[in-house]
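Here is the structure we will look at, set down as structure tokens.
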Amino acid sequence: MLYLLPLSVSCRVPGSPPAPRSRRFLDPGGGRGVGDGLGGVRVFRRRALRGTDVRSNTSSSSSRKGRHDDARHDGGYGDDGDAGALLASVRRLLLSGSAQDDAAEGEAEEDEQGQFPKRWAIVFLCFSAFLLCNMDRVNMSIAILPMSAEFGWNPQTVGLIQSSFFWGYLLTQIAGGIWADTVGGKTVLGFGVIWWSIATALTPFAAKLGLPFLLVTRAFMGVGEGVAMPAMNNILSKWVPVSERSRSLALVYSGMYLGSVTGLAFSPLLIHNFGWPSVFYSFGSLGVFWFSTWASKAYSSPLEDPGISAEEKKLITSQTTGGEPVKEIPWGLILSKPPVWALIVSHFCHNWGTFILLTWMPTYYNQVLKFNLTESGLFCVLPWLTMAVSANFGGWIADTLVSRGLSVTTVRKIMQSIGFLGPAFFLTQLSHIDSPAMAVLCMACSQGTDAFSQSGLYSNHQDIGPRYAGVLLGLSNTAGVLAGVFGTAATGYILQHGSWDDVFKVSVVLYLVGTLVWNLFSTGEKIID
């Protein structure tokens, strides 16, 4: 048992030389000194509180007497009552000080635990980036009407302008993934947002200069948005643990859906009150504000962030790669893996149906359901809202299943099967429905179940190759964009020679092919390191 005694107390054995006055606390039983002044006090205060060396001051009076006798026997002090009182006072001081120290440490821990998780701040910034992404993408679909009237564009020219975005968007998917994986997602996503925001703001000037300038500006906008998605995937692979992966990705992608809703809602108001250029100026300026926050608050990985707590960093790095950007892309290894091709094929099958519905839906509402343009525009918003809600609901389900012990592979297959078979089922019902209200409901349900794909194939890039998540998304999304381009064009051809039922049948067949390929070849395990 350890007892603390200040040697400044006169407690020498008769005949012995006087003890030197010192502030060092010693073990009267012959132990070494452990510190001078307040440093020693702090050491023993901590020991006292933990109960490893000093008993609690709530001990009985008999125990205190026994300790007093032990110390006297060891030559600690004589029968002087003042010395005993002093010792008791010192011990009480040590224990009370230790309690205060621990209380302060506890408050610090509570403050740290109460801090908003940095990883979710990164997720929210990505969410807001993709909100702006689709706001800037859909504004042209509204502004093109007054622009066509002002500049005298025919339908063929309008189609050329609308497609010019995809020139840049398609070409930068893989390039953006390589760039993000080798440099870091922060730089690439920041570049993408500021680049497409500047291109958006310059659109009115380009339109007035002439058609070639407008086409180049829209292609430049596609370049910015093309690198954004692979960069986001790279960032989340570093920041989000697997137990939260589905929810985080669902939230970010729901930003795209809500961005479409916001853009479609505010563009007509701005055009009506301030003219069509105001849409591009206002939406483009928002990206500049976002970039200033991103540049000062975001980091490519938690290892680079000096402000993240040690507890959160440990949580993240225990479930993610969290490492430095890669130096080389192992293309041979990546392209030799069947799960990678399952991603590519499934992404193509998924986007064929999705792009057709979102691109041709206003026409379907107008020609088949006989809605006027105002009603068509209103009902076009409904699927986007449904997708935003369903994506987050599906993400919560997926993460819950993983946390309860279901394998990631099983969860990804379940969620993507819903994302394929749900739309396939509801599209087959459209040919049997006469009520416009039921047709709109079927469309909404089709897109709502489609959004479960965010917890399926869209989460799988980070599962199978977290270090190359940007490249993997670039590969699969290139196939997805091609599906959108070819599917949109093929739909026009099918409608010219067939019917809407034929359009939906092609989509259903591809959904079934995607389901088969996904369940046979996909995995949730890491296969590329």
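In case you wondered, yes, glycine gets a Cβ from its N, Cα and C as well.
As written in Swiss-Prot, here are the features:
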| type | residues | note |
| --- | --- | --- |
| COMPBIAS | 28-39 | compositional bias 'Gly residues' |
| COMPBIAS | 67-76 | compositional bias 'Basic and acidic residues' |
| REGION | 13-39 | region 'Disordered' |
| REGION | 52-78 | region 'Disordered' |
| TRANSIT | 1-55 | transit peptide |
| TRANSMEM | 120-140 | transmembrane segment |
| TRANSMEM | 158-178 | transmembrane segment |
| TRANSMEM | 187-207 | transmembrane segment |
| TRANSMEM | 209-229 | transmembrane segment |
| TRANSMEM | 251-271 | transmembrane segment |
| TRANSMEM | 274-294 | transmembrane segment |
| TRANSMEM | 340-360 | transmembrane segment |
| TRANSMEM | 378-398 | transmembrane segment |
| TRANSMEM | 418-438 | transmembrane segment |
| TRANSMEM | 469-489 | transmembrane segment |
| TRANSMEM | 503-523 | transmembrane segment |
Would you say the transmembrane segment (469-489) and the transmembrane segment (251-271) are in contact under the rule of three or more C-beta pairs closer than 8 Å, pairs 6 or more apart in sequence? no
Best-packed against the transmembrane segment (340-360), counting Cβ pairs under 8 Å over 120-140, 158-178, 209-229, 378-398, 469-489, is stretch 469-489
With a cut-off of 8 Å between Cβ atoms, can you find at least three pairs linking the transmembrane segment (274-294) to the transmembrane segment (187-207)? Only pairs 6 or more residues apart in sequence count. yes
What same-chain residues lie close to the transmembrane segment (158-178): Cβ under 8 Å, and 6 or more beyond its ends? 137, 140-141, 144, 148, 188, 192, 211, 214-216, 218-231, 233-234, 329, 468, 470-475, 477-478, 481-482, 484-485
Given the cut-off of 8 Å on Cβ pairs that are 6 or more apart in sequence, determine whether the transmembrane segment (418-438) and the transmembrane segment (503-523) share at least 3 such pairs. yes
With a cut-off of 8 Å between Cβ atoms, can you find at least three pairs linking the transmembrane segment (209-229) to the transmembrane segment (378-398)? Only pairs 6 or more residues apart in sequence count. no
State the residues, same chain only, that lie 6 or more residues beyond the ends of the transmembrane segment (378-398) and have a CB under 8 A from a CB inside it; answer 'none' if no residue qualifies. 246-251, 253-254, 257-258, 260-261, 264-265, 357-358, 361-362, 365, 371, 411-412, 415, 418, 440, 443-452, 454-455, 459
